[in-house]
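Here is what TrEMBL records for this protein:
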| type | residues | note |
| --- | --- | --- |
| BINDING | Lys29, Arg43, Tyr55, Tyr141 | substrate binding site |
| BINDING | Asp65, Asp70, Asp102 | Mg(2+) 1 binding site |
| BINDING | Asp70 | Mg(2+) 2 binding site |
Amino acid sequence: MDLKKIPAGQSLPDDINVVIEVPQGSSVKYELDKESGAIVVDRFLFTAMHYPLNYGFIPNTLSDDGDPTDCLVLAPQPVAPGAVIRARPVGVLMMEDEKGIDAKIVAVPHDKVAAGYSAIRDVSDLPEPLRNQIRHFFEHYKDLEPGKWVKLKDWANVAEARRIIEADAARYA
């Protein structure tokens, strides 16, 4: 997979592409090897947990931690690692880990990809139990890994998600 050929989106910051690395429900942390294009097993989660949403990154972006911008995508089912899904950001979970600031954009599928998400305009529109599951996962998924830690800050709205996407796309360019 040549990531340089996959744009960050069709109309940033509201229409983004997300390369999925980990399907929702997985307890295996996969990562895309940027040089070979192979999906590799980074690690099996040390905790008895699984990813609550599809997890990946926005290509051709560069976040504060030196990696592409992380993104979670709510979808009706797991999406295969390596697949690119067109999505729309709705908010961001602000957090920090052993590498520094680590914002997690939360998105829903674009209307042309999946029906039923058009009413979700902001992270506050997500059901509270789902927000709590996402928060709980990221608070604890590194608990048993030596030398790793996570500190969650709070949810931020869609305007902040858009600002982060624009800044990370500009930083990459």
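Each residue, glycine too, has its Cβ placed from N, Cα and C.
In TrEMBL, annotation is done automatically, which means it is predicted and not curated.
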Would you list, in sequence order, the residues of this chain other than Lys29, Arg43, Tyr55, Tyr141 that have their CB within 8 A of the centroid of the site's CB atoms, where the site is the one recorded for substrate?
Val22, Ser27, Val28, Asp42, Leu45, Tyr51
Taking the binding-site residues one at a time (Lys29, Arg43), which has its Cβ surrounded by the most other Cβ atoms within 10 Å?
Lys29
Least buried by Cβ count (within 10 Å) of the binding-site residues Asp65, Asp70, Asp102:
Asp65
Among Tyr55, Tyr141, the binding-site residues in question, whose Cβ has the most other Cβ atoms within 10 Å in this structure?
Tyr55
Neighbours of the Mg(2+) 1 site Asp65, Asp70, Asp102: Cβ within 8 Å of the Cβ centroid, same chain, sequence order.
Ser63, Asp64, Asp67, Thr69, Met95, Asp97, Lys99, Gly100, Ile101, Ala103, Lys104
How would DSSP class Arg43 (substrate binding site) in three states?
strand
Under a three-state reduction of DSSP output, how is Asp102 (Mg(2+) 1 binding site) classified: helix, strand, or coil?
coil
Could you state the CA-to-CA distance between Asp70 (Mg(2+) 1 binding site) and Tyr55 (substrate binding site) to the nearest Å?
7
I need the CA-to-CA distance for Tyr141 (substrate binding site) versus Asp65 (Mg(2+) 1 binding site), whole Å please.
18
